[in-house]
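Peer 1: As listed in TrEMBL for this protein:
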- B:20-41: transmembrane segment (TRANSMEM)
- B:53-72: transmembrane segment (TRANSMEM)
- B:CYS65, B:HIS69: Cu cation binding site (BINDING)
- B:92-113: transmembrane segment (TRANSMEM)
- B:352-589: domain 'Histidine kinase' (DOMAIN)
- B:ASN472, B:ALA473, B:VAL474, B:LYS475, B:ASP519, B:LYS535, B:SER548, B:LEU552: ADP binding site (BINDING)
- B:615-731: domain 'Response regulatory' (DOMAIN)
- B:ASP663: 4-aspartylphosphate (MOD_RES)
- B:LYS716: ubiquitin cross-link (CROSSLNK)
Amino acid sequence: MEVGQMQRRLVDYTKSLFMEGFLDSQFLQLQQLQDENNPDFVVEVVSLFFEDSEKLLNELTRALDQTNVEFKKVDAHVHQLKGSSSSIGAQRVKNACIAFRNFCEEQNTEACMRCLQQVKQEYYLVKNKLETMFRLEQQIVAAGGSIPIIEMSS
Amino acid sequence: MESCNCIEPQWPADELLIKYQYISDFFIALAYFSIPLELIYFVKKSAVFPYRWVLVQFGAFIVLCGATHLINLWTFTMHTRTVAIVMTTAKVFTAVVSCATALMLVHIIPDLLSVKTRELFLKNKAAELDREMGLIRTQEETGRHVRMLTHEIRSTLDRHTILKTTLVELGRTLALEECALWMPTRTGLELQLSYTLRQQNPVGYTVPIQLPVISQVFSTNHAVKISPNSPVAKLRPIAGKYVPGEVVAVRVPLLHLSNFQINDWPELSSSTKRYALMVLMLPSDSARQWHVHELELVEVVADQVAVALSHAAILEESMRARDLLMEQNVALDLARREAETAIRARNDFLAVMNHEMRTPMHAIIALASLLQETDLTPEQRLMVETILKSSSLLATLINDVLDLSRLEDGSLQLELGTFNLHSVFREVLNLVKPIVSVKKLLVTLNLAPDVPEYAIGDEKRLMQTILNVVGNAVKFSKEGSITITAFVAKSESLRDTRAPDFFPIPSDNHFYLHVQVKDSGAGISPQDIPKLFTKFAQTQSTKNSGGSGLGLAICKRFVNLMEGNIWIESDGIGKGCTAIFLVKLGIPERLNESKFPFMPKVLATHGQANFPGLKVLVMDENGVSRMVTKGLLVNLGCDVTTVSSGEECLRMVSLEHKVVLMDVCVPGKDGYEIAIRIHEKFTKRHERPLIVALTGNTEVTKDNCMRVGMDGVILKPISLDKMRGVLSDLLEHRVLFEAM
């Protein structure tokens, strides 16, 4: 497929991510920080996010499995996750984390477990989406094209 | 006396016979003696006689013969023996000499004869040479005459003088009685007597041009003898009886300017040629005849006259043309000066009006903005907004009109400089972002990788053009998306432009930037497209959208100044449209330190680096946020160190760090403590790094932070522009006035 078509596909795909709320304008900020001196900035940040999030989610799973749930620790982890996801603009994950934190304050284990599931689901979804997007970008670059820059309303 | 035994020949002497013999011998002897004398005499006279020896021989022979005959005289009578001996001796000698002479003559006579033939031959030769000499002399004389005549004729460029001089000189050289020139009339049907030698003011005789004698003369370029009775030769009133001299006529070609443009000018068709007739009369009663060399002279002169006349004609033409041109020049000069004065006056007027108009404009805009900041009722706010919008529009109009008038008369010049091409596009995107977000449009920028980052051109006007085009796309799209594509045009695509008279010439240090803005908006109907770029022309749809209608006209002029082309395509109403333009930009040379001392730093840090080398310490527990914040600061050119905990922060912080950005997640706790510790570490205020709290938590208030000695608070998420603003505020004022 020629470069123009691939570019259009990428643009449409990215558009859809924003439309569906997976990503917000913070992600665009990240893209702005990428340039010739920092060509893989976004990928690096997102990879770090994935790493961190996997760790946090495991911790959370373990923490909530305890009989005596330490809500303070859980809250701390969720806070971390919320921070990371908002830093990269993973909107739905962030929203899920906010909901999670509320239930943590209430110390509602059931709700927290449900929220954890929600967060996990959202996380895996966004991870999938981002990985697909990066693959498309790689294809374009390999074919000699350039990554189109997108401006979006929020 | 001796006795002799001979019988005395006592013959009866005929006394008469003996007498006669006696006398004859005497005369013979005489002759024989005088002939050599004569010979000697004449030979002495002529110096060239080559045969002296022969003459001597001959003389001797004759003398001896004479002597013999003389001695013979004594032998008629009784003579002594001595006489006999002398006689014998003489005879012997004579015999010898005469034989020798005879032999000699055999050799001599052929020579003498040949001398005679040579003499004859030489005489003939001399006669021939004489003849030739005569010929050459006449030719030379003719030539001399011709040169002199030509010199006289060509020394003037005045027609009349030329013709008059010709006649005069010819008359003098050839000793003519009369010489006349017949010129063709305007109609070309008659010949009119124009100039004569003897008569001062010739009466206007005319003869029809179709006369046989005239046709005969015109048909050849030789001088033709004509009868003295022909009408052209009847120049003098016949006075008394005289035999008129021979008359010769020759044609004089009258060359026109246009004749010189025909390539084969020696063979001009006689239909296009006009001739004049020159008639020459020898003196009457002189019995002189026209010699060949005289005829040749006349022919040559006729040709020369033709050339001289044409030169005179050409000179007249060129003088006339020159006068005309001078007049036109003066008129044009005057017009130019008037135009310049007008332009100067207009520019002065515009400059003054511009300033006069802008001052109140600024006042209105500034005060309206300030008014907006105060407390207003909704109606008041609406009114103020309308005022602001209208005055901005007016300001734009003023600028546009000024620009356009300067563009029109060509006094606008591009301000060339090296600029960042990529950032121009980004800037445009930033500028349309507000409207785009309100209208919920999607704008995509597609910069091809071969678009250089830096280019030489007029940055301001290029941005104006792109902004105008993109702005139009945004203005006329109610929904959908706008795509901006930019790439370097290759030569094949250059030829595919829509303008028939646009010939882009790619060169080594220039490139053509192709920019395409496609929108999915209202579209334009095909009949409106040609009017798009005319000033003040607005279609129905655009009239409602505001604007003066000047935008595209100005763009077109800018694009033309940049040696490019701009055009718009649309599939019709409702089908969106695409605006495409090409501009020629220069490629900057390899940047060297001396020329652009700050450039390398700019290259190293992307876009506009506001804080080169600013040392910042970032503290954030969250790895992802830490990385993002670092990325932000690196983008702005800072030198960033990151730490992930409070202790590390305290360890790493030093006087080198100008700013410490710390993430404060929960109120109280680490963040505030660190701030206090840093204060303790650096007692002197002006050395201490500035501390700014980054937080996503709204409970972290400014007052709390200030209490612990922080210099500012920023709420996350923070954009690039916000960070830039924050840092510049911070560095300027040493404290952050606002939290946002």
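For all residues, glycine too, the Cβ spot is worked out from N, Cα and C.
Any idea what these are sitting next to in the structure?
Peer 2: Secondary structure at B:HIS69 (Cu cation binding site), as computed by DSSP, is helix.
If one looks beyond the transmembrane segment (B:92-113) by at least 6 residues along the same chain, the residues whose Cβ comes under 8 Å of a Cβ in the stretch are 51, 54, 57-58, 60-61, 64-65, 67-68.
Mean pLDDT, taken over the domain 'Histidine kinase' (B:352-589), works out to 80 on the 0 to 100 scale.
Under the DSSP three-state reduction, B:ALA473 (ADP binding site) is assigned to helix. Taking all protein chains in view, 25 other C-beta atoms sit within 10 angstroms of the C-beta of B:ALA473 (ADP binding site).
Within the domain 'Response regulatory' (B:615-731), the DSSP-based counts of helix, strand and coil residues read 51 helix, 25 strand, 41 coil.
Shown in sequence order, B:SER625, B:LEU694, B:THR695, B:GLY696 are the residues of the chain, 6+ apart in sequence, with a C-beta less than 8 angstroms from the C-beta of B:LYS716 (ubiquitin cross-link).
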Peer 1: Looking only at B:VAL474, B:LEU552, the binding-site residues on record, which one has the least crowded Cβ, with the fewest other Cβ atoms within 10 Å?
Peer 2: B:VAL474
Peer 1: Residues sitting near the transmembrane segment (B:20-41): Cβ under 8 Å, six or more positions beyond its termini, same chain?
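Peer 2: Apart from its flanks, the transmembrane segment (B:20-41) reaches 55, 58-59, 62-63, 65-67, 69-70, 72-73, 76.
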Peer 1: If I take the Cα of B:LYS475 (ADP binding site) as reference, which of the recorded positions B:CYS65, B:HIS69, B:ASP663 has the closest Cα?
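Peer 2: For B:LYS475 (ADP binding site), the spatially nearest of the recorded positions is B:ASP663.
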Peer 1: Which one is it: of the recorded positions B:CYS65, B:HIS69, B:ASP663, whose Cα lies the shortest distance from the Cα of B:VAL474 (ADP binding site)?
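Peer 2: Minimum Cα distance from B:VAL474 (ADP binding site) across B:CYS65, B:HIS69, B:ASP663 lands on B:ASP663.
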Peer 1: Let's check the environment of B:HIS69 (Cu cation binding site): how many other CB atoms sit within 10 Å of its CB?
Peer 2: 21
Peer 1: Out of B:ASP519, B:ASP663, which of these recorded positions shows the lowest number of other CB atoms within 10 Å of its CB?
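Peer 2: Counting other Cβ atoms within 10 Å of each of the recorded positions B:ASP519, B:ASP663 gives the minimum at B:ASP663.
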Peer 1: When C-beta separations to chain A are restricted to under 8 angstroms, which of the binding-site residues B:CYS65, B:HIS69, B:LYS475 qualify?
Peer 2: none
Peer 1: Check the DSSP secondary structure of B:ASP519 (ADP binding site), expressed as helix, strand or coil.
Peer 2: strand
